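Read through the structure below, which is laid out as structure tokens, and then see the notes.
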Amino acid sequence: MSSPMDTVTETDMAITMALLGGIGIIHHNMPAHLQAAMVRAVKKYENGFITDPFCLTPENTVADVLAVKEAYGFCGIPVTDTGKLGGILQGIVTARDIQFRSPNQTLSEVMTKLSELVVGPEGITLEVANGILRDCKKGKLPLVDSEGRLRSLLARSDLLKNKDYPLASKKPASKQLLCGAAVGTRETDRARLTGLVQAGLDVVVLDSSQGNSMYQIEMIKWIKETHPGLDVIAGNVVTREQAAALIAVGADALRVGMGSGSICITQEVCAVGRPQGSAVFAVAEFAPVMMGGLLAGTTEAPGEYFYNEGQRLKKYRGMGSLDAMEHGNNEKKSAKRTESPSLETRLKSGTAKPSEDNAATSRYFSERCHRSVVDKGSLKKFVPYLYTGLQHSLQDVGAKSITELRERADSSQVRFELRTTSAQVEGGVHGLHSYEKRLFS
């Protein structure tokens, strides 16, 4: 699971994490509509039957196809008489159809006509449809009813993704990748969450350094009443009492930790926190692992690479850093100015709260810092390395899973011992003149 940080998880990270069997949690340090668009992009990346395909009309132009490709990353688009699902299928426009074409040409001039397509009947199983698509060697298989109306679509690219990523995290029914997102606990976050659910969200993380608060408890209650099918990850917590309070109101999972992250300064500036090992031991019966700094610096993490003293680096910052808070606030204010009346107008109409834009209530308190991390390469190589390392660790201990490891520790079959300094030296590389240490390739 990748952490909801603006230098860790956006669209590319969430897609790759899901393809590799995990899940990405998209951060909320951005306007709500942008976060919803990222969730939607993850959900559309892979499908079984595509039941809501993007459609165009014969009167649309090549420029419209290019705009769709830029926004969503694909350009294999069905063309119907209405430009909507349920319209009479006219053809399909693909990347090859629009190559070397003028942006002003209509799709009726460039698309692959219906007579050249292979179509399947509505109601066939996914297995049968995959077989037709495999045998016909086409890129897309439209499924139509007896009147020729488009009902769904199947893509060859999804078959290739199934082959390349057999462990991908998907919803069983739709075959779409799983995707999570973070929200806060303010009233405005309820509208944000509703938009995310409409985009296809599978799990929400309530993003707070101290989760056992009246605001988070009320938020969990509201989510369970309004979106009962949505899984909620609450937190952060470090004690059994904190965990019990959130579980009691319906939290499905918990984030554990306070002040233990590599860029976290909570223990320094607040004098509050707990060692991560103690916190997990006190709270968790079993614990999936959320990674932030470990994934920062990968190709799929947001941000551009830069060089310093010959090293290729990427920026990495905590969501509680002044840099991140100011950036997020500016982004949200910019979006708000374009979507809603000015503060002056709202004050005159009585719809603005007195605290808005008030300097006395707009101070930031930093609990994180920002830094840079060395390029780690692609997540597609890094995560399998972590996965294999964990497998070998459990094999050496004699446990089949993290859950079994916990059970064996509780029954004293496995014991954790504190290593002395000399034991740590002995357990590392020692006694050599020189050596090369390569972790993965």
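Backbone N, Cα and C atoms are what each Cβ position is placed from, and that goes for glycine too.
Here is what TrEMBL says about this protein:
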DOMAIN    49-109  domain 'CBS'
DOMAIN    111-169  domain 'CBS'
BINDING   ASP207, SER208, SER209, GLY257, MET258, GLY259  NAD(+) binding site
BINDING   GLY259, GLY261, CYS264  K(+) binding site
ACT_SITE  CYS264  active site, thioimidate intermediate
REGION    322-360  region 'Disordered'
COMPBIAS  324-339  compositional bias 'Basic and acidic residues'
ACT_SITE  ARG337  active site, proton acceptor
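Each of the binding-site residues MET258, CYS264 was scored by how many other Cβ atoms lie within 10 Å of its Cβ, and the smallest score goes to CYS264. Taking the mean position of the Cβ atoms of ASP207, SER208, SER209, GLY257, MET258, GLY259 as the NAD(+) site, the remaining residues of that chain whose Cβ falls within 8 Å of it are GLN210, GLY211, GLY235, ASN236, ARG255, CYS264, THR266. Cβ-based neighbour count (10 Å, all protein chains) for GLY261 (K(+) binding site) stands at 20. Looking just at the domain 'CBS' (111-169), the mean pLDDT is 93.
Residue counts for the domain 'CBS' (49-109) under DSSP, split into helix (H, G, I), strand (E, B) and coil, are 18 helix, 14 strand, 29 coil. With helix defined as DSSP H, G or I and strand as E or B, the domain 'CBS' (111-169) counts 23 helix, 16 strand, 20 coil. Under the DSSP three-state reduction, GLY257 (NAD(+) binding site) is assigned to coil, being neither helix nor strand.
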